[in-house]
Amino acid sequence: MRTAYSVEKVRAAERDLMARLPDGALMQRAAAGLAVACADLLGRVYGSRVVLLVGSGDNGGDALYAGARLARRGAGVRAVLLTPERAHQGGLAALRAAGGRVSADPRADIGRADLVVDGIVGIGGKGGLRPEAAELAEAARARTVLAVDLPSGVNADTGEVDGTAVRADATVTFGAYKPGLLIDPAREYVGALRLVDIGLDLPDEADVTALQHADVAALLPVPAADSDKYRRGVVGVVAGSARYPGAAVLSVSGALRGGAGAVRYVGPGGDAVIAAHPETLVHAGPPSKAGRVQAWVIGPGLGDNEAAMADVLASDVPVLVDADGLRYLDPARLRARTAPTLLTPHAGEAAALLGAAREEVESARLHAVRELASRYGATVLLKGSSTLIADPEGAAVRVNPTGTGWLATAGSGDVLSGLAGSLLATGLAPLDAASAGAYLHGLAARRAAEKAVPLTACDVAAALPGTWHSLAD
Ligand SMILES: NC(=O)C1=CN([C@@H]2O[C@H](COP(=O)(O)OP(=O)(O)OC[C@H]3O[C@@H](n4cnc5c(N)ncnc54)[C@H](OP(=O)(O)O)[C@@H]3O)[C@@H](O)[C@H]2O)[C@@H](O)CC1
Ligand SMILES: Nc1ncnc2c1ncn2[C@@H]1O[C@H](COP(=O)(O)OP(=O)(O)O)[C@@H](O)[C@H]1O
Ligand SMILES: [K+]
């Protein structure tokens, strides 16, 4: 599991460790890791041109000490000092002693640089970049940029970007991942992310986590030797309408590949579903009369069907609500349920649920997903380029590390709803079903995209069994 910690927790761990170490030891650890990453990016250090963008805090200090190490190995290093009188004195002295210099012509030096090291601001940043810092960030756009701790201008805690920020090709972060580095829009600015261990002792409870292969593999249900289809779990899918029959087929295609032993389809699209997936059990009446299920999925292509929503929410099993189903949600109704509810909105649907604008959700995804989970008393999976999952108890938010832009195709969300609902029916807790579902869905899309693009939602569904198998191996 990859874990990310808020600035407050990183600072606390830093204080504890600093109290036990000689002055400057942590910065030297950081600078050593940074210099190695610079050398990796440069390929050849000797004779290379490196420009350091240096703010007046310790982030600039890291850059200066790393620059000194590169200068000792024969790089031509120039430091652009944002506020010369406040630049890290020890770092500046080390750079000078190693043969590095302060830049007399920042624009020209940046224009010639093989590598720009962004030490403008790190976890001490407040608000958007100030104009002179923003200018440097712009000037470095066309160069190869390595960000120190985080790209200057992105919010380490939230992933929000207020105005101009440095766009890095790579980021070296110290001690712990910061939540913002994993979440869009900031993630777009991070490039290849590397963690340098500086010995921080962090608490067990992270703020954001990302499941990795092994975590997901451990969650995926495996039928026991004496399993039968009912014991594996039955998932009910209430989806599709005369206008959107395809949504029913796509949601069922995900559900059939999510580990449940059987899929019951309820709705007007039974013929289309059976034609595509003859293994489905179909029912045309109300959901409550369809037979026992261990979890419901409701909403994809549903249209106006408030009665079906009321029926499903009245059940005593976990319910995943997606798409059109999200239009009928009442927080009090969800809180009164005896079983958990999982909501899977995209940014537009999340905005409607919050009474906010879509742009507000997209620019502050972490805030939006936490707020939705707490307001609706449900687990919430917020779809998008960095899918986030929050639970109502306020546990660490999960960010999904898989996926590809090719997933932005009509119907791929319908596949995810069936898949995650099926995992719910197998008995996974909502947070796990949602995160394992998003992981498999994103990985399936990546694997399919390696073979052929553009992807369709059907391609994603078809890639799920091979993806599941690759994880379980
Ligand atoms: N954590 C660890 O364990 C370790 C941390 N280490 C390193 O220390 C870094 C933190 O250093 P830090 O605390 O000195 O703050 P830092 O990020 O340099 O920023 C403060 C400076 O930025 C300025 N500034 C603020 N906002 C701004 C804006 N919007 N636009 C422009 N400027 C802005 C602010 O200016 P002021 O407000 O004072 O005028 C001040 O000068 C951390 O990220 C890591 O690199 C490692 O060395 C060792 C282990
Ligand atoms: N830029 C992107 N990068 C990665 N994944 C994306 C991107 N855009 C959308 N997705 C994913 O594609 C799916 C789209 O779902 P959704 O918006 O519900 O579409 P639909 O309603 O057409 O099925 C979600 O899983 C979402 O996370
Ligand atoms: K930085």
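Every residue, even glycine, has its Cβ placed from backbone N, Cα and C.
Matching GLY355, GLY411, GLY413, GLY418 to the AMP binding residues that TrEMBL gives (LYS383, GLY384, SER385, SER386, THR387) identifies GLY413. Of the residues SER6, SER103, SER152, TrEMBL puts just one in the K(+) site with ASN59, ASP118: SER152. Only GLY413, in sequence order, out of the binding-site residues ASP118, ILE123, SER152, GLY413 have a CB under 6 Å from ligand 2. Taking the centre of the Cβ atoms of ASN59, ASP118, SER152 as the K(+) site, the nearby residues of that chain (Cβ within 8 Å, site residues left out) are LEU53, GLY55, GLY60, ALA63, GLY119, ILE120, VAL121, GLY122, GLY125, ALA147, VAL148, ASP149, LEU150, PRO151, VAL166. Of all the binding-site residues listed (ASN59, SER152, SER385, SER386, THR387), SER385 has the fewest other CB atoms within 10 A of its CB. A Cβ distance below 6 Å to any atom of ligand 3 is met, among the binding-site residues ASN59, ASP118, SER152, HIS346, LYS383, SER385, by ASN59, ASP118, SER152. You'll find the Cα of GLY61 ((6S)-NADPHX binding site) roughly 35 Å from the Cα of THR387 (AMP binding site).
Between the C-alpha atoms of ILE123 ((6S)-NADPHX binding site) and GLY384 (AMP binding site), the distance comes to 26 Å. Cβ neighbours of LYS383 (AMP binding site) (same chain, under 8 Å, six or more residues apart in sequence): THR344, PRO345, HIS346, ALA347, GLY413, LEU416.
Nearest by CA distance to LYS126 ((6S)-NADPHX binding site), out of the binding-site residues ASP118, SER152, GLY384, SER386, is SER152.
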